[in-house]
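These came from TrEMBL, pasted as-is:
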type	residues	note
COMPBIAS	143-161	compositional bias 'Polar residues'
COMPBIAS	320-331	compositional bias 'Basic residues'
COMPBIAS	334-343	compositional bias 'Polar residues'
DOMAIN	5-60	domain 'ZZ-type'
DOMAIN	69-121	domain 'SANT'
DOMAIN	71-117	domain 'Myb-like'
DOMAIN	72-121	domain 'HTH myb-type'
REGION	141-161	region 'Disordered'
REGION	318-350	region 'Disordered'
Amino acid sequence: MADTFAKYHCNYCEEDVNGLRVRCLECEDFDLCLQCFSCGAEIGKHKRSHGYQFMAGVFQDTGNFSIFPGQGHWTAREEVRLLDAIEQYGYGNWEDIARHIETRTPEDARNKYISSYIEGNIGRVSWKPAMERLQLPIEHTTTDTGPLSPTLGSSLPTQPLSSEENTILGYMPHRDDFEREWDNDAETTIAPLFIHPVDDEEVDMALKLAQVDMYMRRLRERSRRKRVVRDFQIVPQFFKKEKEKVQVPPKKKSKDDRDSLAEKLRSVSQFQTASEHNNLISSLVRERELRTRIKELLRYRRNGIRHVEECHEFEVARARRDKKKENKKKAASLPQTPTTQMDLSAKSKE
C-alpha cells in the first residue's frame, strides 16, 4: 500500500516527479525526470550510457502522455507506433503507416515525421547538415533512376545494331529480348507454382511468396545487367573491335594510365553510369599528372631553380652530364689499346 502512494523525486535536480520518469537499470534506486534525462545528466556512478526504462506515475496510463507538447498532441504510444511503422514499411508508405498507427491520417503521419524527426530538433542532431549529407530519405512512391533502382524493369532504349549483329546475338529488337537471357532458367522456379485458396496453409503461402520474391530479384538483376551493357555501349564496342581485328592486323600496344585505370576499376563500373565512370577515370588520370608535375617542380627547387625559364637550361645541362657519364662508361668497357688511349686523350683535350 505504501508503494501505491509513494512519491518519486529526480536524483539530479531533486524535484518531485509526478508523471513519467526514467529509471536506471544499472544504478540502484536511481530515477530521473524527463528534462534531466533529455540533457544527458550524470551524477555519481550514473552515466548517460546506462540502460534505462520509462516508468509511469501513480495511476497513470502508460503511453497517453505527450513527448512533444504543442505539436498536434501526439501521445507517446502514437510516437512509438509511427517509428515502428517507418522501420517496418519504409519512408513514404504513408497509407500503411497510418493504418499501423490506427488513430492518424497519412497526411498527419507524414507531417509529424518530417517536422519532428527530419527538420525538428531530433533531425538536426541525428542528421548531418543538408549540404554535407548525401541525400534525404527517398520516398518509395517516387521514381528513382539510379543504377540499382527498383524501376529497372521498365523498357530500355533499343541498341543501334545491324540485323546481322542482332542475329549473332540472338537479339529481338521489337521485343527487347534475347533468345537466351542472363539466368535463363529463372522462370523454372515459379512455373509449377499454383495457389490453392482452400488447401494452402499459411506456411505454404509464405513459401510460395518467397519463391516469387526470389524470381523478381533475378528479373531485376537481369534488367540491371542490360542497362549496364547499354549505358557503357559494350556490345557496339565489341563488334567494332572485331571489325578492326579483321581489317588491321593486331599490334601490341603499351597500356597508358587511362587504360590501366579502366582495367582496375572495371568491377565498380556497374554501380555508376557511363558518364560518371568516365569522369572518375579522367579525374584519377589528372591527379596522377599533377602529382608527377609537383615532383618535377620540387626537384627543380632542390637544385636551386626558382623560375620556370631556367628549367629548360637545367634539363639541357643535365642531358649533357648524362651523355658524358655514358661515354665514360663505354670507354671504360673497351680494351685499353694505344689507339683508344690516343682517341680518349684527344677527346679530353677537345
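Cβ coordinates are placed from backbone N, Cα and C, and glycine is handled just like the others.
In TrEMBL, annotation is done automatically, which means it is predicted and not curated.
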Using DSSP, tally how many residues of the domain 'Myb-like' (71-117) sit in helix, strand and coil.
34 helix, 1 strand, 12 coil
Determine how many residues of the compositional bias 'Basic residues' (320-331) DSSP places in helix, in strand and in coil.
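For the compositional bias 'Basic residues' (320-331), the helix, strand and coil counts are 12 helix, 0 strand, 0 coil.
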Do you know the DSSP helix, strand and coil residue counts for the domain 'ZZ-type' (5-60)?
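Helix, strand and coil residues of the domain 'ZZ-type' (5-60) number 5 helix, 16 strand, 35 coil.
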For the domain 'HTH myb-type' (72-121), report the average pLDDT of the model, please.
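Mean pLDDT across the domain 'HTH myb-type' (72-121) comes out at 86.
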